[in-house]
């Protein structure tokens with residue numbers, strides 16, 4: 001039986017879902033002769049660690065309590081007296097994590113699983129990588145920081161996995177890594193990597209006003225609480241940067257041309273969400289409708305995509321032929337088209353749900369299982 | 001630097017292309033700190049082995065000679081005096097392979113890479129697996145033999161890779177393995193896994209006679225020399241069996257319902273290829289055309305697919321809605337739709353070229369790189 005000790009960072013929707021998956025997959029993983037030992041769990045404020053990280057773990061009852069407590073919006077500290085564990089608060093917790101990484105990293109191995117959406121994990125992750133630990137990320141921030149930090153994080157490429165940073169559980173990163181390692185040069189990537197913007201663009205294609213579609217998306221829970229977080233394109237930009245760096249592009253967020261779907265004078269610093277939805281958004285309808293009509297007259301569809309080729313990385317609206325995988329896209333699925341020597345005229349296409357806690361956590365879990373050969 | 005010693009079985013188009021990829025990727029793999037050491041090459045008659053498998057390998061000049069000699073249709077034996085190697089002929093070669101597997105399997109590790117299309121490798125592969133070796137397959141036969149042999153081959157699931165047995169380099173097996181290990185239960189697979197039959201079905205959809213399309217496909221080099229080898233569906237049946245067994249189905253080839261696109265009285269034992277093309281094939285046009293028309297009147301397209309769900313595994317023509325990935329398929333691309341808990345209403349879709357020596361060998365090479373953590 002292979003044992004993978006891990007520390008979960010981030011107990012939001014994805015982190016809690018991952019814990020649920022881990023608990024419910026116990027017998028499946030036992031059949032595969034692998035066992036996931038959760039030795040620690042942390043959120044932005046506190047860290048809970050098994051009483052002895054070498055021999056103990058946080059058992060399934062404890063993990064269910066973590067899920068319950070965090071679902072209620074309570075602090076991990078409320079679990080202080082539940083079961084045998086040590087509790088640390090910031091900044092003590094950071095020191096403790098580094099200590100554990102030093103102890104386990106080079107002996108039994110240890111995986112840090114970052115399901116947060118925070119940039120505060122970057123420092124710790126860079127330290128634990130240096131200590132020989134593995135890293136599994138759903139969090140995009142550690143890979144979209146400075147090139148120096150990126151280089152350090154991926155310096156042991158077999159010890160890092162990050163499928164769920166792009167397209168949730170869709171096997172985008174795994175597939176690109178396979179193509180790269182087979183020496184098939186990737187010439188061009190083009191993808192719709194935001195379920196929200198994919199939905200918005202396919203709805204406006206049907207003639208619905210942009211403002212109405214965005215409001216509908218918000219009420220369906222497809223958008224962030226402030227839809228401008230989606231419409232700005234920043235999140236797609238991060239995914240584009242992760243893909244571009246995977247292809248070897250030496251670029252930063254600053255090098256990516258990102259088209260925002262609202263003008264600066266409607267930004268969060270200028271108007272509230274309510275004002276944006278009521279007064280700002282409708283002013284954008286006419287322009288989008290004109291672009292849709294113009295594209296359609298040429299047999300094209302408008303899609304909000306990232307395009308990576310010829311050392312360029314761009315994010316924004318593009319006109320694409322309606323008879324391609326991207327042009328045909330409906331609803332909130334993600335789609336990526338990969339062009340290479342082997343996939344030359346017709347691309348390799350990966351398509352499917354690219355968001356949701358269940359799918360994202362499933363991608364993280366598959367990543368954890370995929371590093372098992374590094375553990376003894 | 002991680003060293004992966006390997007023995008290539010099969011020097012046909014895929015095997016030779018793999019050797020070319022290995023040679024041309026030397027510097028790429030060096031950057032990834034991994035080195036592929038080809039210690040042996042064999043075809044159906046002979047085995048060439050490096051003079052000392054522990055310290056030597058067949059160098060790139062030697063591998064280029066293997067490519068040249070086999071492209072000319074000559075025997076590996078002609079390389080007897082080229083470079084330092086040992087040469088063995090059947091049945092001596094089988095004993096020698098087992099000896100090397102015993103020597104390297106448990107010390108440095110050794111990968112057997114089967115790029116043949118033969119069932120004669122099955123015995124050897126089963127023995128070397130028992131000796132701790134890894135196995136990478138483009139050859140479908142070892143996985144479609146008896147359940148007993150299948151169970152033995154996959155008894156160390158991390159030591160076997162077989163991406164290129166289904167859909168060439170398309171990441172079908174890798175993606176299914178990820179979904180399975182994340183505990184996301186796969187409910188249904190449906191795919192068009194023959195480029196030849198995909199092309200044929202999309203051409204007859206345009207109103208062209210079946211016989212004319214098959215003849216065109218043959219002259220384009222899309223079919224086997226005897227097109228009945230494609231039209232029988234047996235090859236798709238093998239791929240279906242591999243996918244079904246991956247999902248845990250305990251079935252054999254006999255349990256798969258396979259629809260042949262020609263009747264028994266036009267089989268290879270009854271008429272020659274020439275007679276089939278001239279006299280048999282045209283008799284099938286009317287029936288296919290009627291089925292196309294009937295499907296089209298319901299907004300459906302005919303596709304030759306494998307369907308795996310509810311313990312059933314079937315291969316044949318199905319009517320599918322034109323607005324799905326499979327219904328929209330044109331040309332010779334492969335498409336697989338995967339339905340699971342995470343990909344419930346909308347499937348995960350994998351699409352792209354599913355044949356060709358370059359793509360198939362690229363898939364094999366990615367598999368070899370993927371087992372590197374098992375080597376020291």
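Glycine is no exception: its Cβ is also placed from the backbone N, Cα and C atoms.
Heads up, TrEMBL stuff is auto-annotated, nobody curated it.
Pulled from TrEMBL:
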ACT_SITE  A:239  active site, proton donor
BINDING   A:10, A:11, A:12, A:13, A:14, A:15  NADP(+) binding site
BINDING   A:224  L-homoserine binding site
DOMAIN    A:171-369  domain 'Homoserine dehydrogenase catalytic'
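Cβ environment of residue A:12 (NADP(+) binding site): A:70, A:115, A:116, A:117 lie under 8 Å away, each six or more residues apart in the same chain. Annotated NADP(+) site A:10, A:11, A:12, A:13, A:14, A:15; additional same-chain residues within 8 Å of its Cβ mean position, judged by their own Cβ, are A:16, A:17, A:18, A:70, A:115, A:116, A:357. In sequence order, A:42, A:43, A:114, A:115, A:116, A:117, A:118, A:121, A:138, A:139 constitute the residues six or more apart from residue A:10 (NADP(+) binding site) in its chain with CB-CB distances below 8 Å. Reported as a whole number, the C-alpha separation between the residue listed as 'active site, proton donor' and residue A:11 (NADP(+) binding site) equals 22 Å.
Summarising model confidence by region, the domain 'Homoserine dehydrogenase catalytic' (A:171-369) averages a pLDDT of 96.
Scoring each of the binding-site residues (A:11, A:14) by how many neighbouring Cβ atoms lie within 10 Å, the top position goes to A:14.
Neighbour counts were taken as the number of other C-beta atoms within 10 angstroms of each residue's C-beta; across the binding-site residues A:13, A:15, the minimum falls on A:13. Of all the binding-site residues in the record (A:11, A:14, A:15), the one with the smallest CA separation from residue A:224 (L-homoserine binding site) is A:14. Mapped onto three states, the DSSP output places the residue listed as 'active site, proton donor' in helix. Of all the Cβ atoms in the protein chains shown, 15 others lie within 10 Å of the Cβ of residue A:224 (L-homoserine binding site).
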